[in-house]
Amino acid sequence: MASQAVKKAITEAALQYTKPEGKVFEYGTAGFRMKASLTELYSDLLNTVVFAVGLLASLRSKKLSGQWIGVMITASHNPAEDNGVKLVDPMAEWEAYATKLANAPLDKIADVYDELVKEIDVKVTNPARVVFARDTRASGSRLAGVLNAALTATDVEFVDFKFMTTPQLHYVVRCKNTLGTQYEYGEPTELGYYEKLANSFKKVMRGVKVQGSLTVDCANGVGGPKLRELMKSLTGIDIKVVNDDVINPDALNFDCGADYVKTKQRAPPSSKAGALDRCASLDGDADRLVYYFQDESNVFRLLDGDRIATLAASFIGDLARNAGIASKLKIGVVQTAYANGSSTDYIEKVLKLPIICTNTGVKHLHHAALRFDVGVYFEANGHGTVTFSENALKVIKNTEPQSPAQQHALESLQALTDLINQAVGDALSDMLLVEAILAHKGWSPKEWLGTYTDLPSRLVRVEVNDRSIFKAYDAERKLESPAGLQGTIESLQSRYNKGRSFARASGTEDAVRVYAEAASRSEADDLATRVANAVSEAGSA
Ligand SMILES: CC(=O)N[C@H]1[C@@H](OP(=O)(O)O)O[C@H](CO)[C@@H](O)[C@@H]1O
Ligand SMILES: [Mg+2]
């Protein structure tokens, strides 16, 4: 049971805020996320939610006997006025506790905290440790203050890392929790992060050179200043940083960034890149990355998360073969229903690797990736990384090379395990991975694009009265309700060459997303429109 003193401290701290009436919060695909504006209707929406997440982090850390828990304040690719908060190590049942705390009336929140202490069986005398950070949104410092209040009220030891990318915070959490163990991940500081990336990049690049320069659009978010910091440690790569304005509060994700490029399927209007120039875009908290270029006919060409996954899987597969350890490593790829059908075909038929399809949201992909020795997971939108099992790390480390070529492959694999942020998808680490692979293969983005041809696809957002009636199954590829809709979608898609379509309720926006792909642009568009109409009709019934 929480002590009276702690409960009093929680209540006093909580009552500084106002809980918006009639609003029900839900921990979604990426934590809690919404408008954060202080001036509008939404005024204090996020304060109570962040406060609740602070209490939750405290409970979780105590439950894990003082393990470090990370809390990130960000709304990623959402507009500048939004904000959000997420825990670094999310677990399904804890999302329900988060939702419970977030919806508790503020004068009762200490009681709910206490109920959870009993329900989860938390030893309240255990220490609790939390690290937190935020992206560059204007509302971030206010919300960091709220988090501070919740942590202080529950006697948590905490470190405020101020501005960080989401993956940097994940990195720090993993470093802190592995310090002094055989799995020590690195120095738990921002500088430690840069040095780990830069050193391993140098090792992976032994004997090869990056061709030409890379232009990186930083979405005017926290990735900009952090990339500039990373560049101080990096050698052998010419990066041109664009869209790194973190002073103008409205610039974030506006007409730039990975989400803009992926959804609009075009370069940021401000782009000055010439034909065949290699370009990349990060999102607002730098955990997403997409590549693109303009071909010789000035046609925009996108290299999205599916492309990064196929590139990484093929490279790691080659290295494993060259190192003579392919039979000892189970390499696999994890995708969601949004992966382009051509990428799935390519992985199965050309790379001959197994695929797992999961629900949307990196937490699902990450979890599935751990089932492989080397799990390559990416969402089509550019969210992803590669995980290495304990067995994989051991095999890579302990295999005795029989030839210089084998030794080189083993060393490259070893360096890759350091270059890749295994804690979470990380745009900066993924970017160095892509650059290294292209250099090794001697490929320009054109050769990379040439590995397979994407099916034209369309993603549509449909607003409905109540999106919760859209219940999906089979890794969100099918709908069990509203009744009859799945049958309609299937009969529509069967009319198109290579037609595939599905609909699911978004976990981050109040809408249903419809995805469609088909053999031609017009068929994909047509299928998307028809399915969107069917969804809209079912949603207004
Ligand atoms: C189709 C799509 O891109 N969905 C995104 C989006 O989730 P939704 O649940 O679809 O709103 O935001 C998530 C968090 O950033 C991201 O993980 C996911 O891939
Ligand atoms: Mg993001």
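The chain as shown is numbered from 1 upward.
For all residues, glycine too, the Cβ spot is worked out from N, Cα and C.
Noted in TrEMBL for the protein shown:
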{"type": "ACT_SITE", "residues": "S76", "note": "active site, phosphoserine intermediate"}
{"type": "BINDING", "residues": "S76, D283, D285, D287", "note": "Mg(2+) binding site"}
{"type": "BINDING", "residues": "E379, A380, N381, R504, A505, S506, G507, T508, R513", "note": "substrate binding site"}
{"type": "DOMAIN", "residues": "70-90", "note": "domain 'Alpha-D-phosphohexomutase alpha/beta/alpha'"}
{"type": "DOMAIN", "residues": "125-177", "note": "domain 'Alpha-D-phosphohexomutase alpha/beta/alpha'"}
{"type": "DOMAIN", "residues": "212-290", "note": "domain 'Phosphoacetylglucosamine mutase AMG1'"}
{"type": "DOMAIN", "residues": "304-443", "note": "domain 'Phosphoacetylglucosamine mutase AMG1'"}
{"type": "DOMAIN", "residues": "459-533", "note": "domain 'Alpha-D-phosphohexomutase C-terminal'"}
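G507 (substrate binding site) has S76 as its nearest neighbour among the recorded positions S76, D283, D285, D287, going by CA to CA distance. Residues 30-37, 46, 49-50, 53-54, 56-57, 60, 98, 130-135, 137-140, 143-144, 147, 164, 166, 169-170, 172-173, 219, 222, 249-254, 257-259, 283-285, 287-288, 363, 424, 508 of the same chain, all 6+ positions outside the domain 'Alpha-D-phosphohexomutase alpha/beta/alpha' (70-90), place their C-beta atoms under 8 angstroms from a C-beta of that stretch. In this structure, none of the binding-site residues N381, A505, G507, R513 sits close to ligand 2 with a C-beta under 6 angstroms from any of its atoms.
Under DSSP, S76 (active site, phosphoserine intermediate) is assigned to coil, being neither helix nor strand in the three-state scheme. Where the domain 'Phosphoacetylglucosamine mutase AMG1' (212-290) meets the stretches 125-177, 304-443, 459-533, the count of C-beta pairs under 8 angstroms peaks at 304-443. For the binding-site residues given as D283, D285, D287, E379, the lowest number of other CB atoms within 10 Å of the residue's CB is seen at E379. The recorded positions shown are S76, E379, N381, A505, R513; of these, the one with its CA atom nearest the CA of D287 (Mg(2+) binding site) is S76. Ranking the recorded positions S76, D283, D285 by the distance of their Cα atoms from the Cα of N381 (substrate binding site) places D283 first. Within the set of binding-site residues D283, D285, D287, E379, N381, A505, E379, N381 have a CB atom less than 6 Å from some atom of ligand 1. Each residue contributes its Cα atom, and for E379 (substrate binding site) and D285 (Mg(2+) binding site) those atoms are 16 Å apart.
Looking only at the recorded positions S76, N381, the densest Cβ neighbourhood within 10 Å occurs at S76. Contacts of R513 (substrate binding site) defined by a Cβ separation under 8 A and a same-chain sequence distance of 6+ are given as L459, V460, R461, V462, A503, R504, A505, S506, in order along the sequence.
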